[in-house]
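Undergrad: From TrEMBL, for reference:
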DOMAIN    1-92  domain 'HTH arsR-type'
REGION    136-175  region 'Disordered'
COMPBIAS  147-175  compositional bias 'Basic and acidic residues'
Amino acid sequence: MGDIFSVVADSTRREILEVLLERRSNGAEASVSEIVDALGVTQPTVSKHLKVLREAGLATVRDEGQHRYYSIDVQPLDELDDWLMPFIFAEHSDDQHDGLGAAAFAAWADVTGSLRNAAEQARNRTAQAKDAVERVAQDPKPFGESVGRRAAEVVHEARTRAEDAIEQTRDRLGR
């Protein structure tokens, strides 16, 4: 399982998989040159990453003369999906378990900083939104007043800018 994570951890390989998936949805395969064109990277780079994808079982190759055509094999990704789903859809909803899937992957991939920060931001924003909804549910009047006040301010500002623009245009035209 760890091999699949390291394979898909590379952004170029993920982009190649996206190209192969798109081709698969159209019932087609992709040549190395087509992948090079799609990604804007060099042929040796694409070939190197395709080798890694083949070795991991994520890509298959079909030779036709001097050309090689690649397609995606999603079966290893199904295994990855099966491993991640319990974390993503954990039935726990308290703050301690929010972002459990992201935290598990971050720990495995040793990229804890950025994913932990993202998970923490998500928890904070969710808590802020929940608090705001609860305040509005308890007393909707201030919310309605502030929305109405803000709407009036925006309309007034737009009207003022439009009038200023009309006046400037008239001045330029000498009217």
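Every residue gets a Cβ built from N, Cα and C, even glycine.
Help me understand the surroundings of these features in the structure.
TA: Summed and averaged per residue, pLDDT over the domain 'HTH arsR-type' (1-92) gives 87.
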Undergrad: Report the DSSP secondary-structure composition of the domain 'HTH arsR-type' (1-92) as helix, strand and coil residue counts.
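TA: Helix (H, G, I), strand (E, B), coil: 57 helix, 14 strand, 21 coil.
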